[in-house]
Amino acid sequence: MNANPKFLSADARVDAAAVAPLPNSRKVYVTGSQPDIRVPMREITQADTPTSFGGEKNPPIYVYDTSGPYTDPDAKIDIRAGLPALRQRWIDARGDTETLAGLTSDYGRERAADPATAELRFPGLHRHPRRAKAGKNVTQMHYARQGIITPEMEYIAIRENQRRAEYLESLKASGPNGAKLAAMMGRQHAGQAFGAAAFGANAPAEITPEFVRDEVARGRAIIPANINHPETEPMIIGRNFLVKINANIGNSAVTSSIGEEVDKMTWAIRWGGDTVMDLSTGKHIHETREWIIRNSPVPIGTVPIYQALEKVNGKAEDLTWEIFRDTLIEQAEQGVDYFTIHAGVRLQYVPLTANRMTGIVSRGGSIMAKWCLAHHKESFLYEHFEEICEIMKAYDVSFSLGDGLRPGSIYDANDEAQLGELKTLGELTQIAWKHDVQVMIEGPGHVPMQLIKENMDLQLDWCKEAPFYTLGPLTTDIAPGYDHITSGIGAAMIGWFGTAMLCYVTPKEHLGLPNKDDVKEGIITYKLAAHAADLAKGHPGAQVRDNALSKARFEFRWQDQFNLGLDPDKAREFHDETLPKDSAKVAHFCSMCGPHFCSMKITQDVREFAAQQGVSENDALKKGMEVKAVEFVKSGSEIYHRQ
């Protein structure tokens, strides 16, 4: 991508579609033990139940909100200035970091001094980068292992609970039937958490700051939060917490601009992206990343080898440890929260891919495989892994240990190359934990349904319960254009089995670079998969939103049905295609069945008839059938009648 004349930093504006509040929703904040712990949630208001159905109050539902200040009407949004440094005071108070005089990476200094990039550079506040003081470790894992509950951990505990207790109390206080209503709306099917006996899959009824600390200390969860990304709202990735999703964005050599990528980021978090990976491979990667980080309230991940490759003009064999090291420092000083590093692609595994249908499909994996073969040497990522850990813990960058040998077709699933790399990732995890560096493990890929659980079981065993982060997996290879669905099936399954974060797949997978519409489609599909996994695991409170929507559906509260859904806009659009009038929003039927065949309307009629007759619903059904039988005989006992 050349300097795009359509993007000038002086003209940059936030995407208007990303800042509009969702229908019947407002941003609320829950305050923690200190005033600056203000945890955002989305409050969805509901209409009262119609008097014909009992006329009760329906209190607001609270849902997890990843949109940051963008959907807060009281926030002043200026992407040229960036977001407020929410965590800055917490970082300062710990007293274990130092502010550097300037950038220390060679490339970072070059870009800052290059007049050719001046019109593209982020113009807002340029903070001096921070780094751990000599001899200090500033990772959330280190604090957790010292028994310290950080403000980030308290923030996360409040966020994960989603005000569920307050919601149930408001139901109890709603009227004479409040206790019964709370019991009904809080009801949840028992889940099945796989591996609970052998591994710690056991979320408590209420998430506490101490529970967060303990899970991070054990390595079962990570809090990606670089000290140079103070704008981020703390979140957690771990299988005893809500399943999270990641959205990939990024330019390429042939398409997109900085402005488009910032728009994709704000669009992705509006619809529920918990983290965003900037996978840019075109020019101006450094400047694009700075704009994204300074405006992102969610953790940002990257694959540093992509930018390192650009620095050697795309020739993998010219890569060196020194170039890669400088790239790590450059990105850590900008504020990247987690790095995908393909240190498990070892020379000995490359020949194992020779008999594959689709070979090595990971870009990072193929880069390192080519380097290993060109030099006939062990990967410099593997050889220098301890040094990488030293860099990571100086900034609190988390590892996302890359699956460079993941299968690119179901034909190649669970083969020797994939599983050999997974074992190595387990060994590297132990090394990282020795440095108190946070780790998650990346997983496949393309895997048929019957082989998915094996992936999860082996990962838990070999990687000692480090969080699993998977791309799908795609369960079939026959649906280009629909791979958000082929992968959504696998994502729901592996999330149920224990995966902590799901990397979204858009309809453009294997076909092209996703646009904003594709990003939304991928996000919604994966929010659905993650939620289905939470339900299947029996995660506390996971069913509250389902119950609220089902109640709204039964009571024909159409607007509430739309607003409680993952995509209110699409739900309303589909309803309006056949019933566009406002009167249809209060009708006791929809266009699918019409007024005479609506099953829920028939059920309501039965209940009304039962109340009028003073009998139970079962007796009412029996009595109603007797009346209809008499009518049938009187009409001549004919099944069909000519009109």
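Placed from the backbone N, Cα and C atoms, the Cβ positions cover glycine too.
Note that this is a predicted model, so its numbers are computed, not measured.
Summary of the site annotation: Swiss-Prot records substrate binding at Asn248, Met277, His342, Ser362, Arg363, Gly364, Asp403, Gly404, Leu405, Arg406, Glu442, Tyr469. Screening the candidates Tyr306, Tyr482, Tyr526 against this entry identifies Tyr306 as the one listed for that site. It is 12 Å from the Cα atom of Ser362 (substrate binding site) to that of His446 (Zn(2+) binding site). Of all the binding-site residues listed here (Arg406, His446, His510), it is His510 whose C-beta has the fewest other C-beta atoms within 10 angstroms. Fewest other C-beta atoms within 10 angstroms, among the binding-site residues Tyr306, Tyr469, are seen around Tyr306. Secondary structure at Gly404 (substrate binding site), as computed by DSSP, is coil. A separation of roughly 15 Å, to the nearest angstrom, links the Cα atoms of Arg406 (substrate binding site) and His510 (Zn(2+) binding site). Sorted by the number of other CB atoms within 10 A, the binding-site residues Gly364, Gly404 start with Gly364, the lowest. Listed in sequence order, the residues of the same chain lying 6 or more apart from Asn248 (substrate binding site) and placing their CB within less than 8 Å of its CB are Val276, Met277, Leu279, Cys503, Tyr504, Pro514.
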